[in-house]
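S.K.: Handing you a structure now.
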Amino acid sequence: MQSSQLLKASKAEQFVDQSSSSLQRDTPLLHSSASSSIFWSKMRKNFLPMLVSAVVSCCLLLSGSSGATPADPQLEKRLSYTAVSDFKAFEYPVALAGLYANIGPNGAKDGGAASGVVIASPSNSNPDYLYTWIRDASLVYKYIIDRYVSGRDTTLLTGINNFVASMGRIQQVSNPSGTVSSGGLGEPKFLINEAAFTGGWGRPQRDGPALRATAIITFANYLISQSNTTYVRNTLWPILLLDLNYVSNNWNSTGFDLWEEVNGASFFTTAVQHRALRQGIALATALGDTTGVIATWTTQAQNIFCFLQSYWSASSGYIVANVNPGNGAIRSGKDANTVLTSIHTFDPAAGCDSKTFQPCSDKALANLKIYVDAFRSIWSINSAAAAGAAVATGRYPEDSYYGGNPWYLTTFAVSEQLYRAIQVWDSLGQGINITSISLPFFQQFNSAAVVGNLAAGSTAYTTMKTAILNWADAFALVAAKYTPSTGALSEQYSKSDGTPLSASDLTWSYAAVLTMFDARDGVTAESWGAASLTLPSTCSTGSSGGGGGDTGGGTGSTSTVTFKVTATTVWGENIYLTGNIAALTNWSTSSALGPLTNTNTYPVWWVTVTVPAATSFEYKYIRKSSTGAVTWESGSNRVSTSAAAGGSTTLNDTWK
Ligand code: NOJ
Ligand code: NOJ
């Protein structure tokens, strides 16, 4: 049922394929009419780590057979390990040094990046990744901040301060997505000197502000625990307010997914937005905020939480990563997007909660099996794997970027989800629950498994857990097998022979292997409140989201208008809306809102738009033919007035 409603919710969008387009008009992800039924020191210079790694690699090399053996003389020399602990002993310091090397201003491979800027990769052609992506940088710094706040490396503070300062500057840079107050926070990437990237791209990408907020809040919480509230209030909070208001105001608008290809609703984006807002609410509460953001964010967090449920397809038994049926390229929806979500929204206190798709939840485990299975038969690199054995996995099976290949960070993510699942089973002491949803996952390890509980400490529990641990390790070892003997991690490895491909030294790949190792070691992750959440019984779009972009400065000044027009059309014709305010595109025909939705409502076409509250405006509908020819409604402009802040109105019009 959820999937058809997703279709309904998403048919409203003008899904635009591909990253070549620049500005896309924001449209709601969820419409109110569909809602009631949708359930649902610079890095410390890097000198020390580099040195450590140099020493480690040097000694490994000198000691000869420390595990790094060439796999195939025809190919680059590779690592070959039979135990993840051995792989870790070699790879951890290499990855750490590789990650630090990609951070300005003194990283060994930073390409001249400004202070605090994380480059995606030093590769400046084929592909050119010498930019900073908000997503990659925030995930990388989440790891660094976790490392710092857990006391593992007290020298990281300067680098963290540089990162915060850089992000504070980047927030203010006007860019093709807008200014800081008109949508610019959704811009996915910037030049490494922090200037705007003005070329065509899949923009906006709305996971960036959320991931950045989660990283910075982790730092803020630590500082508060150290009684350094002043720095949090004066320096971190203004940055967080911008990002969290952006999330609160825009979660219900379409944007490009984390792979920068699909314009619509993305599970990863929705989930990380949800997490960030929950953390923001807790921080605002701790700081004694009285500006009203707590109430607004709480309302929106509930709405996002509700919407999050709609990505689960009960009939297919997996999480559909992108709600994009209007978008030409048909995909299965099986996507590492969902596995990354499980690890980046892990909350150790939430048990195996399926509403937040925790790593050991039945939904996340069922999904993981289906995701992995999608790669078994499509690539020759996996053809020798026994049935059910670990294989190389990538972004999604239909991927064609660089021909479509396994990625290091996605293969490591499979291991990480499983390590976190095991950690929770062991710490909860409530055994392993097998539901009808997760049964196929568990039957991979014991074909006689049945729905029920494997009691903590029982032989059945231990046998199952051990099999899953071995399987988790096997994924890490697949990626290890295709890691060159230097330990360098690029973005992809070849689907036919495992040769590293695409961007070299991908910073995100290093972060991914490091968090995977940490998860295996049970390194603590912080709770973000997933344990205590209750789903609302009906979902709402909230009073924000929609066509106007965000105000960046809080809510309360907008209301929504649902425009409905009865218009019969001929094949190829669509109805659009334009008007005299920015939210209605200032009488633009080329960027008029639309096409309006008509799924299940034709000949009624409709759209919900966020507009300034209590404001009089003019508007008209237009029709565009298949060739793009525009026909305006006849007669004088239509006039209406929006509701007071937080309210909504509906206009029932007939084409004239
Ligand atoms: C570049 C993007 O970064 C990548 O994710 C995408 O697959 C390719 N463009 C192709 O659209
Ligand atoms: C392409 C990936 O699809 C995207 O997720 C990433 O942000 C960029 N490359 C930079 O690494």
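Backbone N, Cα and C define each Cβ position, glycine as well.
Annotations for this protein, taken from TrEMBL, read as follows:
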- ASP257: active site, proton acceptor (ACT_SITE)
- GLU260: active site, proton donor (ACT_SITE)
- TRP201: substrate binding site (BINDING)
- 553-656: domain 'CBM20' (DOMAIN)
- 633-656: region 'Disordered' (REGION)
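I'd like to know what surrounds each of these features in this structure.
M.R.: If you draw a 10 Å sphere around the CB of ASP257 (active site, proton acceptor), it holds 25 other CB atoms from the protein chains shown.
The secondary structure of GLU260 (active site, proton donor), as reduced to three states from DSSP, is coil rather than helix or strand. GLU260 (active site, proton donor) counts 18 other C-beta atoms within 10 Å of its own C-beta, drawing on all protein chains shown.
The DSSP secondary structure for TRP201 (substrate binding site) is coil. With a 10 A radius on its CB, TRP201 (substrate binding site) counts 22 other CB atoms from all the protein chains.
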S.K.: What's the CA-CA gap between TRP201 (substrate binding site) and GLU260 (active site, proton donor) in angstrom, rounded?
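M.R.: Approximately 8 Å lies between the Cα of TRP201 (substrate binding site) and that of GLU260 (active site, proton donor).
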S.K.: Less than 6 Å between Cβ and the nearest atom of ligand 1 is the rule; apply it to the recorded positions TRP201, ASP257, GLU260.
M.R.: GLU260
